[in-house]
Amino acid sequence: MNPCNNITITPEIIAQHGLKEDEYQRILTLIGREPTFTELGIFSAMWNEHCSYKSSKKWLKTLPTEGKCVIQGPGENAGVVDIGEGQCVVFKMESHNHPSYIEPYQGAATGVGGILRDVFTMGARPVAAMNALRFGAPDHPRTRHLVSGVVSGIGGYSNSFGVPTVGGEVNFDKRYNGNILVNAFVAGIAKTDALFYSKAQGIGLPVVYLGAKTGRDGVGGATMASAEFDDSISEKRPTVQVGDPFTEKCLLEACLELMELGAVVAIQDMGAAGLTSSAVEMGAKGNLGIQLNLDTVPVREENMTAYEMMLSESQERMLMVLKPELEKQAAAIFHKWGLHFSIIGKTTDDLRFRVFHQGEEVVNLPIKELGDEAPVYDRPWSEPVKKTLLKAEDVKKVENLGDALLTLLNSADQSSRRWVYEQYDTLIQGNSLICPGSDAGVIRISNKSKRALAFSSDVTPRYCEADPYEGGKQAVAECWRNISTTGATPLAATDNLNFGNPEKPEIMGQLVFAIKGIGEACRILDFPIVSGNVSLYNETNGGAILPTPTIAGVGLLSDWSKMVTISGMQNGDHIILVGDCGSHLGQSIYARDILNIDAGAPPPVDLQLEKRHGQFVRDVIHNGFVHAAHDISDGGLAIALAEMVIKAGKGIKAKLSNKSPHHAELFGEDQGRYLLAVKPEALNNLKEYAQTHAVSLTELGQVEGDSLNIDGIFTLSVESLIQAYENWFPKFMGEE
């Protein structure tokens, strides 16, 4: 008798597995008996939020997922979008929040490893990575340790694997003190006629284990990722996986070689819930059963139980359904790369998930109910209470607006992230055109192609807290804007929805309205969601994170030689504001960090205006009218002007329109706006083009001198701006 299956199932054990009483009763009804301990673990893993999306699936179905360039939407390992010339971009963003809080280095590293596998499992070679990171308050005793560990883990894995990090975000807020967020994005390039999917096909075909050996690391990781934290957090350290980027690199090359051979029927990486999830997903999608023999699984630890082998989340592993006639050639490829290749089972026609260990059947369950027919909830939700818009006149104007700008540039959220991204290899593969520190990262598709891909990741959690619907819209719109500032056409997006406990109606309401806002923005901006991830129960001792629906997007440049950057402005260029002058100070960085107030509604997002302005900006870039472009977001016009000055090392002399109070015009965070550095000879053409396309422009000034001079308000030298901007992070990390 398998030792773990001698364990009596008690209410305590059921609760430890994250299953509710009604869910356990459903299991009893489904299988007509009490589950074994291993079967209970399998149900726990497959029915938790991390794998089943049981609280969010109803609402995720409302998102737009189709488009003229979409090849594969949600439901596969990653989304796939056509980029022409027989090629496609494969991409996804996924969270590794809970593990990264428990063990920051390995949690973040294996988050990168997992998303890399999601992409190359489909036949794509990874070409770009991003990460969106949220940490607690800078003065919290764990924050610096977590920042150091997470950044080191991301760099350690992605640098060793050999994928450039081209962008990302880092923010701080006390609401993340007990639950940091680590959202990792990877994109790869594949041939459109050589994509590989996870749907198993054919009866009696071998199921093959590929990659590294199985250990006890990560056992129960998927269940842990679907639960709130409490004071026992340190006890969960063993549920964090350990990664090896060099093995992953070998796995990439072996998989791509195997795919070239034509041996793959279906393939799935072993991520959350490990062998259980990969086997169940492949079988359930293909309406087939799967039978496994654990005696043939390569293990690195002695006396592993069936429970441990089925739920281990050891890294750098794949599961494949193989064409049997190519077994010898396939095995030779993996052995050449120093990886394990073991036939551990077969496909069957009985829709059962059966597992054998030491001559005993330890699992016999219906595969569809484990997989795509897992429970789905329509949880109660309450509509978020909307805040009223703040009038600029009701927000205090500080005496020295220049000092306010310097304070913001030297703050946790607005300062340079150079300390972070200089730990990442941003140039490996040799195709990076725009590196971190700009609105979007850009890479060439190849050194023989004029085409390039642009990437951005965005969300403003404080907006989402104040109004989840507008916050969801704004996250999409800002990502779309950032891609547009390079001249790239936004193609599609992936979402990473990070929220608290969905069993609380107010939290579920945040999720519902954020998804509604995301959906509306994606529909109007023609920016479909093709993949994604939901991370719930981001709470510690009942305190939830800020609602954080991260949006990462991809755009296409048909000719990268026409691309512009934030830093490209030249002396004599005209600085033009696209859109109206600032007036909205509700939920602004100015209100929060200068006045220490949290009040008012976030700025509303006019999606039709966003669409018109974005198309205009892309057109004038393609027409060669501008040297530089930058979107206006956190901190408003003042921060955007300062960032252009800092990046270019050149001054700007500008004058406000006086349509709003000075503090509102400088720091208002009105949406749908851009700054352009326009070539002098192109100014009239730009104005005419704006007039014919109903786009509002304001001439602010010109590029000149060595200071940011806002006429009659403040003059700040380029050097003082750079010093304020660059000093905060190194000082915070104790390097000054």
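A Cβ is built for glycine as well, from the same backbone N, Cα and C atoms used for every other residue.
Marked as active site by Swiss-Prot on the basis of sequence analysis: HIS50. HIS50 (active site) falls within a helix when secondary structure is assigned with DSSP.
Summarising the annotation, Swiss-Prot assigns active site, proton acceptor to HIS96 and lists sequence analysis as the type of evidence. In the three-state DSSP classification, HIS96 (active site, proton acceptor) falls within coil.
The 10 Å shell around the Cβ of LYS92 (ATP binding site) contains 28 further Cβ atoms across the protein chains shown. Taken from Swiss-Prot, the feature ATP binding site applies to TYR53, LYS92, ASP495, GLY532, supported by sequence analysis.
Per Swiss-Prot, Mg(2+) 1 binding site is recorded for GLU94, ASN533. Proximity of GLU94 (Mg(2+) 1 binding site) to non-local residues of its own chain (separation of 6 or more, Cβ distance below 8 Å) is seen for GLY111, GLY114, ILE115, ASP118, ASN183, ALA184, ASN496, ASN533, given in sequence order.
According to Swiss-Prot, the feature substrate binding site maps to SER95, HIS96, ASN97, HIS98, ARG117, GLN241, GLU313, SER314, GLN315, SER535.
Per Swiss-Prot, the feature Mg(2+) 2 binding site maps to ASP118, ASP269.
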Listed in sequence order, residues with CB under 8 A of GLY532 (ATP binding site) and six or more positions away: LEU60, PRO74, LYS92, MET93, THR494, ASP495, ASN496, LEU497
Using Cα positions only, nearest of the recorded positions to SER95 (substrate binding site) (HIS50, TYR53, ASP269): HIS50
GLU313 (substrate binding site) in three-state DSSP notation: coil
Among TYR53, LYS92, ASP495, GLY532, the record's ATP binders - longest CA distance, Å: 16
Conformational class of ASP118 (Mg(2+) 2 binding site) under the three-state DSSP mapping: helix
Candidates HIS50, TYR53, HIS96, ASP269 (recorded positions) - the one closest to ARG117 (substrate binding site) by CA: ASP269
